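These features come from Swiss-Prot:
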REPEAT    840-872  repeat 'ANK 1'
REPEAT    878-908  repeat 'ANK 2'
REPEAT    959-989  repeat 'ANK 4'
REPEAT    993-1023  repeat 'ANK 5'
REPEAT    1073-1102  repeat 'ANK 6'
REPEAT    1239-1268  repeat 'ANK 11'
REPEAT    1272-1301  repeat 'ANK 12'
REPEAT    1304-1333  repeat 'ANK 13'
REPEAT    1400-1429  repeat 'ANK 15'
REPEAT    1514-1543  repeat 'ANK 16'
REPEAT    1651-1680  repeat 'ANK 19'
REPEAT    1696-1724  repeat 'ANK 20'
Amino acid sequence: MSIQFFSYDVGGLIVKEVRLLILWRRSALPNGRTLFARMTQALRIASSDKKYRSIFDRTSLLAFFATPHRSTQHQSPESVALALLNQCYCGLISPWISIFPPNFSKVVARSEVEFRPPTRAHILNVFQDPGPASPIKDSVVVHKSCAVLGVDGEVLIGLDCSHYTLARLLKARDKRYLLRQASHAALRHGKAFQQVVGLFFLDSIRTFDAEGPKFECRKVVSQLASLPQLQSWRQGSVDSRVLWFGTPAMLDPTSLFRTLRSQIQEENQLGDPIFIRVDSTLHRHNELSEPQILASMCQQILRQQPQLTSALQDLLLNVEDAAVGSRDCWKQRTLWNCLLVLLYHPKDAETFCFIDATSSLQTKNLAGQLESVMKESEMPLRLIVSCRSTAKQTPEASTQVDVDLSDAGFDEPLRQDLEEWIRESLECGLTDSTLREALLTQILSSGDFHLARHALEFFASTGSWLTKWSVPSVWAMLSKQSAAELFIEDNIRRHGQWLLIPMLWALEAFEPMQVDEIDVALMLEDNGVAGQVEDFINLLPGISTIRRGVFVIADHVRPAFDYLWGKYFATYQHHVYLAKSCVAALRHHLRVTPAIPQLREDKSSDAAARLCTYAAMNWVRHFSLQRNSETTKYVPHPTIITANETDPGSPNEHAGVSEAFLEDPELSRLWITHLRRALDLDGLDEELGHLILPETLGSRLGICTGWAIRISRQLASMRLSSERDVTNSLLVIGSETDDLAMVQSCLSADPSPTEHTLGYALAAASDPIKEKLLQQVGEPSDEFLYRALLSSICFGNVSVTEDLLVRITDKVRVAQVTPLEGSKLQWPQANESSESAETFRHTPLGVATAYGDADVIDLLINHDISWWDLEERSPPPGTWNALHHAALGGQRNIMCKLLLQQRKGVLNSSARIPNTVTESGNTPLILAASRGFHKIVALLLEDGSMRGYGVDVNIQNEQRSSALLAAARYGFSQTLEMLLTYEGIDYSKTDSNGASILHLALVNDREAAALQILAHKDIFSNEMEYQEANMEANSVNNFEDDDSFSESSVDTTDVVYTVPARPRISLHQKDGSGLTSLTIAIWRNLKSIVEILIAMDADANGPEGEFEAPLVAAAEVGSFELFTMFTKIGATKTEAALNTISTGRTRPLHAACAMGHLEVVRELLKDSVTQLSHTDSNQRTPLCAAISRDQNHVISVLLDRETETGLQEGLWEAARSGKAHILDQLLRRGAEINAQDEYGNTALQWASYYNKPRCVERLLLGGARLDLLDCDNVNALGDAARSGSAEPLKLLVDVGVDVNAEAGGDTALCRAIWAEEVECVSVLLQGGAKFILSSAQSRFENLLTFAVQVSSPEILRLLLKAPEERDLAPTLRSACAMQSTSQLEVLLEFYDPAKVDLGSGWTILHLAAVHGTLAGLTKVLDHATGRAALNYGPKKVGTPFEMAAFSSKESLSKVEHLYSNAALPGLVQPSSRFGTALNAASYRLNDPVVVYLLQKMQLEDINASGARYGNAIQNMLASAWMDTERSLKLLGILLEAGVSLTPTSADRHGTALHTAALFSPKPLVEKVIETSRMLADERDGEGRLPIHLSALQEEWASMMLLSTTTSTIRSVDKMGRNAVHLAAAAGARSVLEKIFEVEENEDLLLEADFDGWTPFHWACRGEDDDCARFLIEKARKIFDSKWDSMKHELVTTDEKTWTPLDVARFHQRREVELLLSLGMTTSDAENWMPDQSQNLGSYCDSCACQIWHEEHHSSALHCKKLYLRFNGWSRMCQLAPTAKRKYTPTLLGYKTCFKVADNLVKARLAKVLVPHSQGPLQRKGRGKGEGEEDEEGIATVENYPVSQSCGVEMIRAFVIDDRRIQPDATRNLNHEVSVGSEDQTQMSLGTGRLFVQSVDSPLEMVMDVAAIFLSSPKSAHKQDETTRAFATAK
């Protein structure tokens, strides 16, 4: 085991790497002491050594993996814990330490003195945490019980895996996997740490596994690190350096380099941390090509600086071609461009690259080129090149350091140590191949998998392994064994895994470095094989696997396959098992590689389809770098097949690449399909897919198998939509590969390819193909030539470029115009395609400059063509020109050439060109300065001086960064010096964060740059000078907003600048964070700079309101030297200074206490002890700050001086922080355990909320009260429940707290459910918590509904499992309406329809159909009970299909899904609301669903009607007011489909015109009338005409449309009502005004209906006072003198009739004017108060909806405008003969239900029944059966007539006149009323009423409700129900 500690620019990491060394020494793990000693060394160096203080300060994460172990074979937990305490952490106590050793206290004390832990860092602790059902059985355990450290900031991550798997987390070859897992885990647990740029692990040399040689290796490296050359390389902090070292053949350079890196880091004399990332794929036994090295360097840079991926967006045209094209020179060219962009892009940290150059002279020269490239910039880059060289052989390049371990002049002691090291490592006797063969034979025969793996790992480190060991030799070795077949079969059955690994290794199926990935893929465990034997048998053919993008089967593997297939799977195809063989291994690759795109789910069950899916994704992984939503391709194509089959790596060398694709076209099709999916491309049709098959291409083009496969792969990765696209692509491929035959074939197939294709092919063509293509073009256009020219420059095809230049020049000269004027060559506009915009984005000169082609630039300049001058074409603002490209790429020579040509006048550019800006606001000067190109900066500054104009050095880009600010930020000393001394520079410029050049240098740790800036003391000023200079500069020239330098300007006059007095920098200036330069320097602990700033009169005390006072910063940093420095210079420890609170941070004493700086604390407390009571901005005392960071040594000092108040504050902080040992100290010193802070929180509440079980336990034992509440009325139990503190909650429950008590309106269970804390809910349920919904959550129906809405499925399942009675009905309704289906799935597990009543015949399928989503509906249908209700529906509800059509959520999808599951779309239920699904969809105006249903339904079903509105058209018209336009469209659809305007239910609902008149706007009415004019004369079931309903809707325009000879305003319905009655009832004053404008209509004013109600009655019944007022005023005018007598009739109240006044009073009409008009005096009106209803509830006589509250108005919006039965349902038998109604009286909100069969109803009448016949109300005889009592005192009501107009509401009316009390009614109050049989009960239908009076005063008695039902009419249709009368009273 080993511990590595490494640091980098943003943090540090401690990682434990576990490795089982069982090759030759199968012993236990190394002693734990070694582990802890090494970790101690790293931590002590980081915490105490001044050299490494920056590393310690920046450490943000400590990661422990598998620490410590607990096993019967290893150390006990106690000893491990003691060692950990002694060697690593001080004062650490964990509950698993059961027995403390005798010397425990001494160890702790010694640890506290010797070591201070890095308390700032977060701790990530990974351990084993198997579940109760986990199959893991492991002897070595890393469990929570022994791995938890118990320190602050610790994040615990439990994994259900074996120790073997856990330990191997750090051995994964793809280190990004571990990085991703660590970062994700930390983020999931709420711990954010700084960005980790990479991971590196120190490991032993792979060649030698013994422990000794590893330390000898470190000895060698230690001597190597002490070499002067290496010291020089390490000390260069700014310049880019190259380190060369040669290694013997037996020494793995990668391993040596790893050890070297570690040694350099540990001995780093600089303050800057070093980080180096080595790609595991770099170690190869074959020679790397130049493109491979370039690609590897790009990968290494991007892994260290992942943010640089955005820099690749600006690459030019052929970036993608490098991955798809064929010519290596173009690949290399593009990769160079990518590498230069990454090298030169501004970076805030150093970058390291490693090259294993082996013995290739070519790669050594490449490294030399890189060194020269690096010298052009000041950007820091470290390049390490490893060369396996022979004696006297050095790299052929000029390098700064040459170190060759094999050189004769090499340091002799170092040589001796190295040779001894190698000799000792070979003493095992494996120096010769014979011994290796013998050992391998022995290992394979033994069946020991672990031994075989490590032996093969050892052998694979030598270069001769892959050639010496092959499949034939291994297979022959196995076949030599006796009974070979039996032997193999037996080993397959018993040890299926061990045989596969050697064969895979020997065949190079996987690289040797990937052995652990194979282990994981095969799911191997320590003690056995996981999986079925058949799985491993299927994996044996995995010897042939994915190899560089092509699936191949090597011929020398065929014998093995033939044997295995013949033995086990003779009846199956080969490729099927090849697919199975790769699935497991590839799955691991896909899991750990984030760059692989996610494929759509493949529904194919064929194994070959799975193979192609994984293979395609594996191929994409090789060349794609995922960047957000884009993919930048820069790695060369991985295919190893070349045109020349005799080349190395060709098919012939591999004994014939598999012809599986040609033999099986189906496999080829699958491969192409999944490859296109992996690239996110559209699929191909069958014909197009056939064209790109390898066999088709081979026969069409006459090419070999290898090329056919490769071209097929290229075509499969392109966007193809037609056969022409295939031909054009083949033309380009033929041009790229210089295949004239392919080009001719393509031109023959398509003689007229697109200009884009021809231009691309021409740019890539050689001379013969170029001539052929130019002949094909004929007379090319300027645009074609321009596109081809740009492409040829990108490809570096000089020959084509020169030819095109000649052609363009001739064309221009002949035309005598510039292409800008005479052709279509223009810059792309906004409406042009992105492809065109990208093509024309750069000029030819700019493209050539970007690629650094000096020859092409000369060619462009020397041609007499003016239109590529930098200004001639006047590109739009923000366009890059050649100077930008030269500055961006560090092309100094090209920059010189361009500037020189400008001076000569060859390039007719103006003086403003060097000041033009890109889209980001960058000038060439800013680009060069931000990349450290100091020579280019000097050129630009010098050129401006020579030409007589000034380069604007003060321009700032979008980020407000100028050239000077960029140089200061990145510490480019030479660039910075030039700019600081340049005339006209503005030193006071700041960036977007308000940082000056000095701020940037200090913030980015550029100490040298800061010193360089401070050396120019003349640029600094005091505050007054600073303000004056700024004012002067702003008044002279302010160029920031000046647009005179816009590139689009046509003014070419040179600009002469007026140089103002330059503003200087103030030392008091603050950046955007409020920090001064002095404060930043203190934070960085830069003492020398602090001294300089103080000497320059920087304010040591800081100005008033300073964000971070220097004294506070010094106290927090803990530098006693800095602190005393401030004391000496005058920053005295005055009370004001010490009490300074830096905004948002802390005081000096608080900062020192929190950081544990004891010396500073004592210094601060010398003179002012009162500081202990001061609080910071977080209201914490210094003691609290020390407790929060567990600074025990500071706490001891503070406790001796604390007051009682301070001790109390400390107690709360200790409880919050979980410091139990400090809690004990504070309680012993007198802190009150039950004290409450200002928010009412006690220590117990703090500990409970923050999950500190040890503190809770101590407080409970100390007698803490459980009933105390905080300011939110929450107790400790509620705090623990809502914060997820399960352990403290368990402690509280165990001590007996009431778990069902409410606190603050919530119970603990409700809080835990709301917080989604499963453990807490479980604890509470086990503790006896009941299913009680708290008062604060009363808006939910029950606890389960509350859990469904606010909590997780796990908690819901936990509640459902509890043995509590529960009602699932409301819970199911709530779950069905949710978007997520997780809660619904849980409920379905417990759903039993027999036990759950959803009401009114509803089923769960109905709920899901109307309220749920498609996913929820699918879940319900999949349930056992869901499908049972598919075509079932209650009468009033309808079927699920009907509900889905009515739904507003995914209605069409749900309808389609139900139909696919056998739902009947034509099912008709006339009694339901809509009747059919079509009607429901029409009402919802859901035209897609309507169209779908019309296609599925029969013609006879589409006209079916429902109970509410009628057929589909009527339902649509009923809701047309919501969307008129959509309704008109839907009406046309329904009419076209044959839906009738006169439905079968017209006798009940009327025609469609009735519905339109009542609900729809005028356009719909017009549309219906146009369709059928005759409908205006049709009547509905109540005799109403459409004009009646329009009057009710107050639509006068519609009434005019509906007027006919038989349909007028005088027409009456069956109740004798005309349009005036209905308009008055609806309050339609505008209609009444129109009607009474005609004098002939005045008689309608007093027209009475059959009940005797005039428009006055109906106006008083309505709600519009204006309408009643209008009628009264109109009556006064019409009747004039007769009005007084008429008015008396209107207000006279008697027992016979209801006057308008009665109606107004009953309906609470309070308008004084109306009442006065009805005959009341002024005094009576002022004192009159309406009768109150005593909160009586009942049913509305209009809509049967419940009525509540004092005023008798229905709560339903459609009460008036739907059924129009304003005065009661008492006439229902006559109005709607087919309808059946039941009325349920209510009393004070509680229903009293009566069954039909009941003949006796208990009631107490308050008034006799008053019978009458036609005419005035009269009383009949008073005999028995006529309303009197019988012998038993029971009154009968059989023969009493009931008024048609009184209705139910009149029965429940209150006494209006107390004087009309019948004296004989009192004796009937306590008697029952009997209801006669059907034959006996006959009620006349004349006008009359049933009236209720009071015995006493109406204000003293609460009246009861009486309701009466009418008998059926005298017709042939008799009702089934008898007429009943009900009456109730108290």
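Backbone N, Cα and C atoms are what each Cβ position is placed from, and that goes for glycine too.
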Ask   = Taking a Cβ cut-off under 8 Å, which residues six or more beyond the ends of the repeat 'ANK 13' (1304-1333) line up next to it in the same chain?
value = 1269, 1272-1274, 1277-1278, 1280-1286, 1289-1290, 1293-1294, 1340, 1342-1344, 1346-1347, 1350-1352, 1354-1355, 1358-1359, 1362, 1364-1366
Message = Over the span of the repeat 'ANK 2' (878-908), how high is the average pLDDT in this prediction?
response = 77
Key: Helix, strand and coil counts within the repeat 'ANK 15' (1400-1429) (DSSP)   = 20 helix, 0 strand, 10 coil
Message = Give me the DSSP three-state residue breakdown of the repeat 'ANK 11' (1239-1268), ordered helix, strand, coil.
response = 16 helix, 0 strand, 14 coil
Ask   = By DSSP, how many residues in the repeat 'ANK 4' (959-989) are helix, how many strand, and how many coil?
value = 16 helix, 0 strand, 15 coil
Remark   = Taking DSSP helix as H, G and I and strand as E and B, the repeat 'ANK 13' (1304-1333) has 16 helix, 1 strand, 13 coil
Request  = Could you break down the residues of the repeat 'ANK 19' (1651-1680) into DSSP helix, strand and coil, giving a count for each?
outcome  = 23 helix, 0 strand, 7 coil
